[in-house]
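Q: When I checked TrEMBL for this same protein, it listed these features:
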type	residues	note
COMPBIAS	34-49	compositional bias 'Basic and acidic residues'
DOMAIN	185-243	domain 'Chromo'
DOMAIN	327-385	domain 'Pre-SET'
DOMAIN	388-511	domain 'SET'
DOMAIN	532-548	domain 'Post-SET'
REGION	1-103	region 'Disordered'
Amino acid sequence: MAAAGAEARRGEGWRAAPLTVPRSPGKLPRPGKRGRDPQARQSATRRDAASCPADTSGPTGAPWASPVPRPLTLLEARPARSPQFPPAPRFRRARPSRPAARSAACRSAEIPRAPWTPWPSPRCPLGPGPLRAWSPPCGGIRAAAAAPAWCVPCLVSLDTLQELCRKEKLTCKSIGITKRNLNNYEVEYLCDYKVVKDMEYYLVKWKGWPDSTNTWEPLQNLKCPLLLQQFSNDKHNYLSQVKKGKAISLKDNNKALKPAIAEYIVKKAKQRIALQRWQDELNRRKNHKGMIFVENTVDLEGPPSDFYYINEYKPAPGISLVNEATFGCSCTDCFFEKCCPAEAGVLLAYNKNQQIKIPPGTPIYECNSRCQCGPDCPNRIVQKGTQYSLCIFRTSNGCGWGVKTLVKIKRMSFVMEYVGEVITSEEAERRGQLYDNKGITYLFDLDYESDEFTVDAARYGNVSHFVNHSCDPNLQVFNVFIDNLDTRLPRIALFSTRTINAGEELTFDYQMKGSGDISSDSVDHSPAKKRVRTVCKCGAVTCRGYLN
């Protein structure tokens, strides 16, 4: 990363002072030669410098240059060793096993270097610790002393940083590159295939190494059956798509893959890696028991670029969410005693099997943080989060991403909560016009008692962001109140309306209100209402034809 910073600084107008190599005393100009030709003097100086080149390699502990330019972010000037910024993880240049011998003249021409000083920088979002840039390795750069501190933000993936380290022969414990594994080779994916003299070879992409280090390896040396199977499956999937569903195989006399096939296999391998990283990120951010899986066997679409996983409402600027209850129950058994629902004038929402028993439109009041009952209270269901393992998958009917369950879900059971950014209704109207033009729908009105706020899950949300619409859904919407008892800001919970088998897609009606009714927008076919309507692709018998 420091190498990237050095290269980026060169692209941003940094110029190093010329390296003046001291010449031997025998070649110094004599005082009497003041009338010497300037051009001759310049030529002599160049010849002397070329006869004994200066050692321009950086000192041990920091890189000198990098082939990847990086953007620079100007921060306010701070002391190089301010106590606000702990020492950064040091990049160390691997020492060669046999250092090249240098002549005495070359050693005398070495330029003294300034000590390496870390610059303050923000914490790397991908690594376990702060990654920092280092000051230029040449003491002749005068601008570095007068200019404010520069920071190279860490905006690349962990694998990219590892590739840069290995290419520059650097070690950094913070990103997992040590002296022991600096030269380790692990197969990341297979790129191509060929046959040479009746021997099969695969082009191997090594994990943590740049593409320039890819090598052809014989099949007998590869101990990665899963990657070989994925390579074969991707090849046949591409061929079946080209032949319009007719699966074919390569003939035995074909000695190499066509470039289009190899390109597709590489894209599929990179997509698989990106989806796995996204899956790991989702599971790190979630706070519920159920696991989240991601799969795409339909196309080459990768993770969404502008989606951020959250576990609860995110209020927009100017909106305050009071998530602290003012009172709670003192029950020893909330199932039989007068609990929070009774205080609110409604029935307890669940039975002994943790299934909802109230009709749609009835609010759910769960025990809150001030209640004296424990976490095993039968009136604490939604607040525990999703208990089922779900899978975000790519649909084959043109509906984009969808969500399916990996386990059987009983009827009337809590499945997930719909969360997103809480915005005003006025802002929702503005965003709604933009979403209609794009053919997407993520707005959910909080209209239990009033119509002041709306939940927008377009950019911030959880698994429910990917749940598709259906005019015959298997999920039902309920309003829930736990710590926040403001009736204008209920939480939105999705319960199963019937038994949902493993592998079945989860859907709910986008026009369904928390009261259980259907929004009037879904049945308003007035020509005077000028808005872009999104065609429904649910395929249900009772399909209304449009989402809005």
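Keep in mind that glycine also has a Cβ here, set from the backbone N, Cα and C atoms.
Unlike curated entries, TrEMBL annotations are predicted automatically.
Context for these features, please: burial, neighbours, distances.
A: Residues 397-399, 436-437, 439-441, 468-472, 507, 510-511, 521-523 of the same chain sit 6 or more residues outside the domain 'Post-SET' (532-548) yet have a Cβ under 8 Å from a Cβ within it.
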Q: Just give the helix, strand and coil counts over the domain 'SET' (388-511), going by DSSP.
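A: Residue counts in helix, strand and coil order: 18 helix, 49 strand, 57 coil.
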Q: List the helix, strand and coil residue totals of the domain 'Post-SET' (532-548) as derived from DSSP.
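A: Helix (H, G, I), strand (E, B), coil: 0 helix, 2 strand, 15 coil.
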